[in-house]
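Enquirer: Pasting a structure below so you can have a look.
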Amino acid sequence: MSYSVKEAFKTLQGEGAQAGRAAVFCRFAGCNLWSGRETDRAEAVCRFCDTDFVGVDGDGGGKFARPEDLAAHLAALWGPDRAFRYAVFTGGEPLLQLDAALIAAMKVEGFEIAVETNGTLPAPAGIDWICVSPKAGAPFVQTWGHELKLVFPQPELLPDVFETLDADAFGHYWLQPMDGLSDGGVMRINSTAAAVDYCQAHPRWRLSLQTHKMIGIP
Ligand SMILES: C[S@@+](CC[C@H](N)C(=O)[O-])C[C@H]1O[C@@H](n2cnc3c(N)ncnc32)[C@H](O)[C@@H]1O
Ligand SMILES: Nc1nc2[nH]cc(C(=O)O)c2c(=O)[nH]1
Ligand code: SF4
Ligand SMILES: [Mg+2]
């Protein structure tokens, strides 16, 4: 199989427990909860997405025929030093494409590997950091990981649903305020206030801010 990558870039992880860490992001094209077309957004399962994942035309994007080709591309974006190499696979939905062959090729390049997934598909073995961000109305299949990062508020998916999971199912429980699209920050301000209130009342949950957006990095 070949890999379709919308964009790939080096930045800092902006969200969750690894926030602030240097990382190469590989944003795969395509998602199983939205086509990515604005005309389909209102009918999609996931309607609040802040990301363009359509096509392979972004910076560092393209089609990669072999896993070693994509791993070498991501290694080149990191640079020659092999210390602390960290790659985050996101999308779109990365578990539609991230497979054992690519994981193995990334290990050969010396990377620790993270994934940002909507949790509707099982994660393959060998991923070092699994962030699950469940979506209202979608199956919750990947029920364990290193962190659970719930975009908040989703009226049809309240945080207390996850309080019935085993205590060790996830290492961290985050509420990430829902950002709006070209609304001048209104939705983000309101959802941040609601998340702050929720975390104060339910201290299992912590606030995850999208720090990359605050400082203007990708
Ligand atoms: C674009 S998604 C791609 C990965 C995967 N499809 C998923 O949903 O987890 C990356 C992260 O951004 C979050 N996200 C998407 N839209 C958002 C929004 N409008 N506000 C805050 N977080 C958002 C997702 O929940 C996920 O944690
Ligand atoms: N800096 C930065 N951190 C991120 N964490 C998760 C992201 C994503 O879109 O998956 C993301 C992103 O797009 N940029
Ligand atoms: S599941 Fe993730 S990539 Fe897909 S539409 Fe929702 S937030 Fe965007
Ligand atoms: Mg993002």
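Cβ coordinates are placed from backbone N, Cα and C, and glycine is handled just like the others.
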Enquirer: Please state which member of G92, G216 TrEMBL lists alongside F48, C49, D50, S133, P134, K135, Q176, P177, M178, D179 for binding S-adenosyl-L-methionine.
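Expert: For S-adenosyl-L-methionine, TrEMBL names F48, C49, D50, S133, P134, K135, Q176, P177, M178, D179; of G92, G216, the listed one is G92.
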Enquirer: For the substrate site that TrEMBL gives with L12, Q13, G14, R27, T90, which of P203, P218 also belongs there?
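Expert: The one candidate that TrEMBL places in that substrate site: P218.
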Enquirer: What mean pLDDT does the predicted model reach across the domain 'Radical SAM core' (18-218)?
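Expert: Mean pLDDT across the domain 'Radical SAM core' (18-218) comes out at 98.
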Enquirer: When neighbour density is defined as the number of other C-beta atoms within 10 angstroms of a residue's C-beta, which of the binding-site residues L12, C46, C49 has the lowest density?
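Expert: With the binding-site residues L12, C46, C49, fewest surrounding Cβ atoms within 10 Å: L12.
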Enquirer: Under 6 Å from ligand 3 by Cβ, which binding-site residues from C31, C46, C49, T90, P218?
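Expert: Near ligand 3, sequence order: C31, C46, C49.
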Enquirer: From the Cα of C46 ([4Fe-4S] cluster binding site) across to the Cα of D179 (S-adenosyl-L-methionine binding site), what is the distance in angstrom?
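Expert: Per the Cα atoms, D179 (S-adenosyl-L-methionine binding site) and C46 ([4Fe-4S] cluster binding site) stand 13 Å apart.
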Enquirer: What's the number of neighbouring CB atoms sitting within 10 A of the CB on C31 ([4Fe-4S] cluster binding site)?
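Expert: The Cβ of C31 ([4Fe-4S] cluster binding site) has 22 Cβ neighbours within 10 Å.
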